[in-house]
Amino acid sequence: LPLPLVQSPSPALPDAKFINPDWVALHTSRGYESQPHKLFMRTTVFVADLLVYIPAVILYCFSLKETSAKKKVSSALCILLYPGLILIDHGHFQYPLSLGLALWAVLCLSHDWDLLGSVAFCLALNYKQMELYHSLPFFCYLLGKCFKKGLKGKGLVLLAKLAGTVLVSFAACWLPFGTDVEQIMQVLRRLFPIDRGLFEDKVANIWCSLSVLIKIKNVISPRTQLKLSFAVTFLSLLPACIKLTVQPSLRGFKFALVSCALSFFLFSFQVHEKSILLVSVPVCLIINEIPFMATWFLLVSTFSLLPLLLKDELLLPYAVTTPAFLAVCLASFSILEKTSAEDLQLKAFSLSLKGYVSWVKSFPRIVRSLFLLSVALMGALSVLSVAAPPPQRLPDLFPLAVAVVSCLHFLLFLLYFNVVMLWDSKSRGQKKIS
């Protein structure tokens, strides 16, 4: 996308050229590796963290309303120690700028700085197209606010301002390509690599998991695969988007970010393993509200990255950061004590089920048992992936097992987040958006 091209020459490229021109030489630098080069590149990721991502996390946590100072510190600590992002950014190597800019956009919207938030999200989207995972919640929330204000008065003015802001932001990002139509088409083709197929490697989404039973790639044509994934993704997104548009609230917006991003990850076309981070970061934003489920999800999301982490020889960092993160969450939020229906934001839903199911009273004990079973299963599969050689006939047994187990977790989490959002009654009690 345009913004990475702007970032490349500034500030990293001049410094790299000054230190060692071979690092950035046209054509010949492709595939170049050396210890100083790796150190330089990882330093630029750390600087990007310090400048964009970490300040957004800290400001977000300390701007939380009706939250104690201790809880704010705990939330910031747990978010910054989330192992998935640490391992991918600093081990696999990836700049956190798109996620950082999206966080700034959420922060702006939480203070009713809608235009500034729109600019920040446009920058995030133009830095990395995968921010499309978050685009519908931003659109529906802001459109819902316009409806609330009335489309014959303030709402129409806000809608016009937002449309103008988005158009200007995109125009500024795409201006360098505006003189050459072929360049624009080349960028668009790289944004949506349809020819690469429904999925690659062992990603923890529904299509990879179903391929264990049905070889979808062999049974359905690529064009039909694309249509099928689009239809399923759209249908899974619809409930959360409708609810957010009709009843826009900041709390609903954050839950919609999680639900919509998870729908994209599970059902959309050509998903990468590390795309789960686009779900994990919004989950981090609600860790103060539902610490138990948020911690559980973040553990599963890190576990789902295991095959990729093993390829990058990141076993030791994975084995250290994951238990450390769990320990911090246990100490900060006492998550095992917060498993009641009320703690999990399921009180309204459980009341609607009370007359039909008999296990509502034992719900906390069941949830705790499932969590411990889940952690034990993830730990066992992690050990087996490293210590046990797979059968010769099934060389991908353990990566596929990790993907399927993670996918089953994610499907249950998708159901949970949608239930929480759709049965949410708090937004109805909020004061009308002015």
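The backbone N, Cα and C atoms fix where each Cβ goes, and this holds for glycine too.
What TrEMBL says about a protein is an automatic prediction, not a curated fact.
Residues 12, 15-16, 19, 23, 72-73, 75-76, 79-80, 89-90, 93-97, 99-101, 103-104, 106-107, 110, 284-285, 288 of the same chain sit 6 or more residues outside the transmembrane segment (39-62) yet have a Cβ under 8 Å from a Cβ within it. What TrEMBL records for 39-62 (among others) is transmembrane segment.
For 74-95 (among others), the entry in TrEMBL reads transmembrane segment. For the transmembrane segment (74-95), the residues of the chain that approach it from at least six positions outside its boundaries are 4, 7, 41-42, 44-46, 48-49, 54, 57-58, 61-62, 64, 67, 274, 276-277, 280-281, 284-285, 287-288, 295, 298, 301-302, 305, 308-309, 312, 314, 317-318, 321-322, 324-325, 328-329, 332-333, judged by C-beta separation under 8 angstroms.
Taken from TrEMBL, the feature transmembrane segment applies to 101-125 (among others).
Annotation source TrEMBL lists transmembrane segment at 155-177 (among others).
Annotation source TrEMBL lists transmembrane segment at 252-269 (among others). Residues 106, 109, 132-134, 136-137, 140-141, 194, 198, 205-207, 225-226, 229-230, 232-233, 236-237, 240-241, 243-244, 275-276, 278-279, 282-283, 285-286, 407, 410-411, 413-414, 417-418, 420-421, 424, 427 of the same chain, all 6+ positions outside the transmembrane segment (252-269), place their C-beta atoms under 8 angstroms from a C-beta of that stretch.
If you look up TrEMBL, you'll see 276-303 (among others) marked as transmembrane segment. Outside the transmembrane segment (276-303) by six or more residues, the chain places 57, 60-61, 64, 67, 71-72, 74-75, 78-79, 82-85, 87-88, 99, 102-103, 106, 130-131, 133-134, 204, 251, 254-255, 257-258, 261-262, 264-265, 318, 321-322, 325-326, 329, 332-333, 335-336, 338-339, 343-345, 367, 371, 374-375, 378, 381-382, 402, 405-406, 409-410, 413, 416, 420 with a CB less than 8 A from a CB of the stretch.
Look at TrEMBL and you will find 315-336 (among others) tagged as transmembrane segment.
Sequence annotations record features per position, and here TrEMBL assigns transmembrane segment to 370-388 (among others).
What TrEMBL records for 400-423 (among others) is transmembrane segment. Within the same chain, residues 202-206, 208-209, 212, 236, 239-240, 243-244, 252, 255-256, 258-259, 262-263, 265-266, 290, 293, 297, 300-301, 303-304, 306-307, 344-346, 348-349, 352, 374, 377-378, 381, 385 sit at least 6 positions outside the transmembrane segment (400-423) and bring their C-beta atoms closer than 8 Å to a C-beta of that stretch.
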